[in-house]
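J.: The domain 'PAS' feature in TrEMBL is assigned to 133-203, 492-565. For 205-257, 444-495, 567-620, the entry in TrEMBL reads domain 'PAC'.
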Amino acid sequence: MPVRDSELAVVHIGSATDLVRQAVTAAPEIGGPDCLVSVDTERMEIPSLDRADIRVIVFEVDPASELDRLTDLQAAYPGIPCLAIVPDAAAVETVIATGVTDVFVRRDSINEATLLARRLAAVSATRTRDSIVDESAERLIDTIDDLFYVIDMDGNLVRWNDTFRDIAGYDDSELGEMHALDFFTGFDEARITEAIEKISETGSGSVEAAFVSKDGTSTPIEYTGTLIRDEEGDPQGIVGIGRDVTARREREDQLLRLRQSVETITDNAPLALFEIASDGTVSGVRGDALARCLDQPTVQGMSIDECFPDQSELRSATEAALNGEPNHRLVDIGASTLELWLQPLLEETGTVNRVIGLVLDVTAREERAKMLDQIQANAGEVIWMSTPGKGSMDFITDSYADVWGRPPETLREDPMSFVEAIHHDDRDRVEAALAEQHTDPDAYEETYRVVHPDGTVRWVHDQAAGVYEDGELTRIVGIATDITVRKRREQELELKNRAIETAPVGIAIHSTDEPTRPITYVNEEFESITGYDRDALEQSSVATLAGEDTDAGRIEAIEAALETGAHSSEVAILYRANGVPFWARVDIAPVVGTDGDVTHVVSFLQNVTESKEHEQEIERHLAEFSEVLAEDLGIPLEEAQTHLDTALESGSHEDIQRAAQSVERVLSLVDDLTTVHSFSVKSRRVSEAIRDKPTTEQNE
């Protein structure tokens, strides 16, 4: 933004600050005391002001020691009016020779502030239109995007713009000490030297070289330079522009790579790029796909009739292209299928100059397409392919109708319509998974139910994978498998597992892979009966439950049944984990596979301690009863015997009656004993029959 005149600074260098301030105050056209900037004489460092921001420089000069400083100041700020203040008139001529605008001589006999104010007003007025134009040009140069530079005939850098400084990375003080060749290395340095010599000889020239910045960055620049001459025609230097050609270089490299890629593709891919002249002759060919299909060494120089003698449709398409009509079609030549493009190129008059043709051998593609058609029609699984956001369903097999109960066309109309058929208890979960599928398709795997329009329910296992091009997800493919039968079997198996786990009898499964028939599984009741947890029982044998009072023969019988897979039942004393014995009944049964081989053996464990103790109690009571009965029977029998002996000796009828009564008492006791015994035997037979019935039926 331009600086207003009232904002232009008066820079004062020296010690008479009060005098200069009074003068500036007395000259309102300069701007007032606020525009005064005083600088220490010793340091002589002007604040960071652009030249366009300075109206005039007031410099107090000691002619004996400060002329060089005055000269340097004017060189640093060319075009800025400079008013020199000297102590006496003798120094005026010397100071004027340095090129200052005006000189003010200090005198005691005058009003110095008033006179200095007039001189300042006059000096500041010398800021002419030409200097303003020069400043505008300077500003314009600094705003252009290209590098601007001026070098003298020795190659020293004289002038540069902001763009030059920004790319170079040096500050202005560093650039002022640099040579043009300081920005180049190696071969580029030699090229710049040659370009400077050429411009010096011919007056202009251009060259392209890498500009090396302070940080080592290399930028390709195209330099254009023009020789500067003075009024006498003598060379003074070179002015020029440097343009960053990085983008152009990149475009050229891209075009080169594109051309190389096209040539590589046409040389190695099953395609051919050819040109047909206006007379119907193949004038140029790249790639051998066409010649290979035609079984010709080359087609260049052949006419269309010679190339396609049996392809009247293709010849007609070529003739149409020569008449200005583009064409695209599939062509079968022998065993090959070609995809053909014909594009006419027109002159400015609208007439066809030539036709560019491209043929691509798509035999394999068409075969794959046929295979996909077969998969689409015959696949048992639902194979699908969609865009990541499910905006379109690009492929779906016909089996969708069997699994979803809806025609595949509904997915092409609405790719998300399959969700409507998902069971309402599963839908929210599946929709949440689908929302994440478009960002991480490989993680998608869901099992859900699909409800047909008639209410039939099918179980589906659905999983997906991403298709990527240059690292970008472009498609998602998936397979939805009908697992209804498998799911039902799993549910049945789960039910059986729950039944085994919660059965009121201990169940252990033994592996047949090892001779010891180790336990691989026990249910909760087995743990409860034995007091062992599963980890302790797994890989152990039934002998783990044996103890001090265990009948070794019973354990051997159980182990033998486990080894052979035979049905068996044993009752033995076993021991819990805490050492407490208990009566156990162990039943052994084999698990037979479809091939008839025993794959596992199952043992069933029951705690029969209570029934065993009851049985022993009955036996004890029977023993006691037998003793009492024997005593009760003995007395009447002895009495009967005595009465019979007496009757035999005496023939007494009374003794015979007494003997008969004793016998009747015995018979009554015998009847009672028979009744009790029959109840005991019947109960035992019923129990044995119930126990042996499953084994008997299984053996049958």
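The count begins at 1 with the first shown residue.
Every residue gets a Cβ built from N, Cα and C, even glycine.
Quantities reported herein were computed from a predicted structural model and do not represent experimental measurements.
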J.: Where DSSP helix means H, G or I and strand means E or B, what are the helix, strand and coil counts for the domain 'PAC' (444-495)?
T.: 12 helix, 31 strand, 9 coil
J.: Quick one: mean pLDDT on the domain 'PAC' (567-620)?
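T.: The predicted confidence over the domain 'PAC' (567-620), as a mean pLDDT, is 86.
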J.: In the domain 'PAC' (205-257), how many residues does DSSP call helix, how many strand, and how many coil?
T.: 12 helix, 30 strand, 11 coil
